[in-house]
Amino acid sequence: MQFLGGNRRKLRLADDQRNACYPHSLQFYLQPPSGNISLIEFENLAIDRVKLLKSVENLGVSYVKGSEQYQSKLEAEVRKLKFSYRENLEDEYEPRRRDHISHFILRLAYCQSEELRRWFIQQEMDLLRFRFSILPKDKIQSFLKDSHLQFEAISDEEKTLREQDIMASSHSLGGVQLELESVYKIPFADALDLFRGRKVYLENGFAYVPLKDIVAIILNEFRTKLSKALALTARSLPAVQSDERLQPLLNHLSHSYTGQDYSTQGNVGKVSLDQIDSLSTKSFPPCMRQLHKALRENHHLRHGGRMQYGLFLKGIGLTLEQALQFWKQEFIRGKMDPDKFDKGYSYNIRHSFGKEGKRTDYTPYSCLKIILTNPPSQGDYHGCPFRHSDPELLRQKLQAYKIPPSGISQILDLVKGTHYQVACQKFFEMTHNVDDCGFSLSHPNQFFFESQRILSGGKDVKKESVQPETPQSKPSVQRSKDASSALASLNSSLEMDLEGLEELLQ
């Protein structure tokens with residue numbers, strides 16, 4: 001791909017050529033884009049794509065995915081940003097081209113760390129799910145073929161022959177008449193998740209999957225392909241980072257739009273140790289509330305719990321000295337020798353504050369990271385209660401938190417539908433007596449600060465008498481300056497030729 005300064009001369013393609021480039025409103029992004037693009041358009045497409053993915057994230061937290069409200073609001077966002085979303089619309093070439101190129105631009109920005117890759121993959125999957133849900137049935141087979149998915153819709157005769165077996169095995173069908181539902185013949189290896197859950201009919205090495213269940217398989221294939229592509233892009237990234245005009249822009253994108261990191265610098269000294277017990281019942285999210293309770297009862301937490309809870313406390317304002325005192329006092333209550341704590345545990349606390357090892361200043365875990373990584377095992381208390389708790393145990397916890405029965409039913413229904421962040425947001429609204437919290441919950445520390453804002457009548461959590469440390473300037477500030485200077489140079493008439501870019505983006 002070639003990048004040009006100034007305005008790009010658009011190539012005029014015949015209608016049949018344009019349709020052949022992008023036959024569908026959604027795609028697996030199997031081939032990278034080719035041709036010329038101006039650096040100005042490169043920037044604009046990247047920013048618009050990030051706006052779209054942030055909308056996907058926020059709507060997914062605020063509404064149940066697939067609901068009427070979610071679908072209509074997301075369609076409005078896609079249409080506003082001029083990306084493709086529906087089949088059979090006139091002159092869809094440009095929106096589909098924008099969709100194609102912008103996806104590959106963000107691969108460059110979001111391949112740089114595991115956290116960025118995880119966020120990017122999740123939002124792209126949700127966007128694909130939305131587009132597939134409004135894809136006309138007569139277009140599905142051709143989309144599957146163009147995406148290199150060997151999923152074939154069976155004939156009505158085959159469906160009638162196996163009707164009883166398919167209906168008995170596929171719970172998603174419910175009372176649906178099978179003749180009204182498409183059924184796909186899929187290689188057994190591609191339907192392992194359905195097989196493990198005993199939700200699919202198998203015969204001669206093939207799974208017979210109704211349309212309602214095929215979405216999960218398509219998304220799993222998309223996730224696998226995109227994850228591999230991002231890993232390959234990350235290994236080849238130096239080829240792009242060597243260009244001084246692109247590197248600041250890509251870094252700015254990757255650091256500015258994945259949500260607030262809730263690092264401790266702006267909150268140091270705002271919370272004292274004797275406040276923690278009362279704050280845990282008033283303003284802690286359920287994940288941190290259960291960790292605090294387990295720590296107080298057992299005087300110990302395993303590594304996963306210490307990391308999740310320790311970084312949360314760091315984010316709400318505990319200093320390194322406070323953190324060392326907090327953990328040491330609690331562990332000594334559990335009959336641990338002070339010398340053993342100093343030798344075995346204090347190093348890890350200092351490490352999390354960036355004072356040991358690589359001097360990395362770790363930030364608190366987001367909801368997405370807690371939900372998707374390091375699930376708790378027996379004896380652990382970390383994780384997300386809405387994701388990792390047994391439903392009956394979760395019900396008991398909600399009762400203990402004085403959630404009314406009708407509210408418990410609403411939350412459990414959301415959990416059953418795997419809408420964990422929406423369930424936590426509903427918990428926030430019920431415990432703070434608000435009809436609409438006015439934000440999309442994506443981080444435990446966000447839960448805390450929004451709670452404190454409401455409880456203090458719109459003011460921040462009250463500061464300790466100790467004078468807080470002067471916040472250091474964050475690296476993102478410098479990145480913003482670098483990005484601004486990079487964007488100012490986009491009108492340059494210089495021409496850049498990245499000969500290996502197509503291979504890089506594969």
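Keep in mind that glycine also has a Cβ here, set from the backbone N, Cα and C atoms.
These come from TrEMBL:
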DOMAIN    278-448  domain 'DNA primase large subunit C-terminal'
BINDING   Cys287, Cys367, Cys384, Cys424  [4Fe-4S] cluster binding site
REGION    459-485  region 'Disordered'
COMPBIAS  467-478  compositional bias 'Polar residues'
- Item | Surrounding CB atoms that lie within 10 Å of the CB of Cys384 ([4Fe-4S] cluster binding site), all protein chains | 26
- For Cys287 ([4Fe-4S] cluster binding site), just count the other CB atoms lying within 10 A of its CB, please. 25
- Query: Including all protein chains displayed, how many Cβ atoms other than that of Cys424 ([4Fe-4S] cluster binding site) lie within 10 Å of its Cβ?
  - Reply: 27
- Item | Residues that sit under 8 angstroms from Cys367 ([4Fe-4S] cluster binding site) by C-beta distance, when 6+ apart in the chain | Cys384, Tyr420, Gln421, Cys424, Leu441, Ser442, His443, Pro444
- Kindly state the mean pLDDT of the domain 'DNA primase large subunit C-terminal' (278-448) in the predicted structure. 93
